[in-house]
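Positions annotated as N-linked glycosylation site by Swiss-Prot, on the basis of sequence analysis: Asn132, Asn142, Asn188, Asn258, Asn467, Asn483, Asn489, Asn550, Asn568. Summarising the annotation, Swiss-Prot assigns topological domain 'Extracellular' to 1-20, 124-288, 426-590 and lists similarity to another entry as the type of evidence. What Swiss-Prot records for 42-102, 310-404, 612-622 is topological domain 'Cytoplasmic'. Residues or ranges marked as transmembrane segment by Swiss-Prot: 21-41, 103-123, 289-309, 405-425, 591-611.
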Amino acid sequence: MRNYLLLRDRLTQVWLNKYSITVTILTAKIVLFNYFIIRILRYTEKYAISSCNGLDQVNRKVYDDLPIFVNTLGNYMIRKSMLESVEASLRGLEILIDASEGLLGFLVDLYLGTYACLLISAVDGAVDVATNTTEHILEAVNNTLIEATRGLDDGLNDLTSLINKGGNRLSSIFKSDNSVAASLSKVNFTVKGLRNIHLSSKINDQLQYMADKVPSFDDLKSETKDLISIPFYHVKREITKVNAESLLPDTKILYLRNNTDTTLYPICGQYIPNIKKVYEHLIHILKVGNILVAILGIFIALFMAIPSIQKEYQESKRLNNVQDEVSQYIDNKEFMSSGDNSSLNYSPFNDSKFNLAESYQRNFNPIARWMTIKMGKYFGNDETEYSERLQFCMLYIFSSRSSTIMAMGLIGLITVAIQLIVIQIISNYLSNTGKVHIQLQASNDEINKMIKSDINLWTSLANQYVNGTEANLNTQVFGWITNTTASVNATVAHAVDKIEYILASSFNNTPLYKPMKTVVGCAILRKLISVENAMTWINNEAHIKLPRINTTELINIAGHTKMLPSSNESHMFDQVEKIVNIARKTALNELYVPLALIGIWLTQIPMALLLSWRRCDTTGKT
């Protein structure tokens, strides 16, 4: 029995060769990687379905409860803001009415008090001057007339005596003529009347009466203020009795969506079968890929056993070749002498002319030998030293250890390449699954459209509510302002008429009427007319305009703030894409290992060159 393995013994272990084991490890790596992706996809599928169901619940709450809550809150805020606006308007009106009443009273005091006082003082002074002047004139005239009468009386007395004397004589002549006697008597009577003539003091009395009758306007001022205060009093009393709630329209006009209107949910649930289909298709691809990789790996591993069998035969043949070379060398030795027993102890391993290692490398490293022959032909250098150095470099680079590093690096590159191919297949499939995305996006657009429709309806009814509040406020509250200004205008008109009546009754047909009317018109009437114009302007402008809700701005705000949650479909595909990206990054990170191994193997090239040049002789052992 031999103490070493024969060829048939080694053939029983050919399936344990390094190539089959490497292929098996490579296959297991790819299969495990695919199963890792499958498990992640399973988890993501469960997460997506769970999130989809959760999204349906959220959308149901959002679409059912949130709009109702927002409607209720918005309606409450609108009603509250309208109520506060009405109450603030009422309080402001009270202040405005008090201020207006005080201002008008001040104007009455100013125009009918100050100016009238000055005017009356001026008139009183003028009448007093006229009365005093008249008294002096009357006194001077009367004194002059009295003195003249006295002088005339003395002269006439003498004339009368003379005439009477002559008359006695003439009477005897004209006894039958009574006209002469009458004329004489008349002359005496005329003188008598002249004696009694003087200017009457009634003129002075009339002037004094006129001075006492100059109007003081006190009654007019009091009457005007009383008339002005009447509408203000009634307005303030009505405002204090106003209930702000009564000015607001019925809240039933405001829109409140019924939760039974919902017809779109489940939004995402109806697409769960499509989501499952996407994941199942991906998982099916990976499972089929695993089966194919496993089958292919088994066949490759079995196929790798064939080269191992061939290698065993070749190694056996190479071993025989080495043995033949040794035998041939021994046969060629010239030591065949019958008397010499040294041939019995001869060993080629001790012969310096026979290099057993070179024979082994030449027969057991065919790759290095083949590379040496090809490179020698390529560079066209057949020198022995160059050929030996090249052969040494090839043997060093493709030694068993270096070849193992190189093989591991290449296998790693192949593994990473297969993983990247699988990842790219999944990525391509995801890029072709936009149909579900379009369907879900269409559903999302439909929901947004319905939300916008609800917003339009709500804002329309809310604006109707604001319109009703504004109309009630302008009619029931600011209508009093209209009535008040109309009453003030009527009072002012009455005051103007009364002033004109007083002037007419006091100064008509007198020299003072025209200047008095001019002065009063300038000092008082123009001011009252200005007040009347101001009241007319207030009457035309006294109304409130409440702001309306802008539908476009509200929809834009809702769009900018992402008020409606987006569909879960994009989130689902984002998760799958993240997994694919993570797997791609993992594969790319694994690429560093085979590249590092290839880099280590490449470092053997400069080391081989360095060692080949440092060899002292080309025939030495390596």
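For all residues, glycine too, the Cβ spot is worked out from N, Cα and C.
Situate these features within the shown structure.
A helical conformation is recorded for Asn467 (N-linked glycosylation site) in the three-state DSSP classification.
In the shown protein chains, 18 other C-beta atoms lie within 10 A of the C-beta of Asn489 (N-linked glycosylation site).
If you look at the transmembrane segment (21-41), the same-chain residues 6 or more away from its ends with a CB under 8 A from one of its CBs are 279, 282-283, 286-287, 289-290, 293-294, 296-298, 300-301, 304, 407-408, 411, 414-415, 418-419, 422, 426, 576, 579, 583.
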What number of additional C-beta atoms lies within 10 angstroms of the C-beta atom of Asn467 (N-linked glycosylation site)?
14
So, three-state DSSP: helix, strand or coil for Asn489 (N-linked glycosylation site)?
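The residue in question, Asn489 (N-linked glycosylation site), is helix (DSSP, three-state).
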In terms of Cβ proximity under 8 Å, which residues at least six beyond the ends of the transmembrane segment (591-611) contact it?
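Answer is 392-393, 396-397, 402, 405-406, 408-413, 415-416.
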Could you tell me the C-alpha distance between Asn489 (N-linked glycosylation site) and Asn467 (N-linked glycosylation site) in angstrom, no decimals?
30
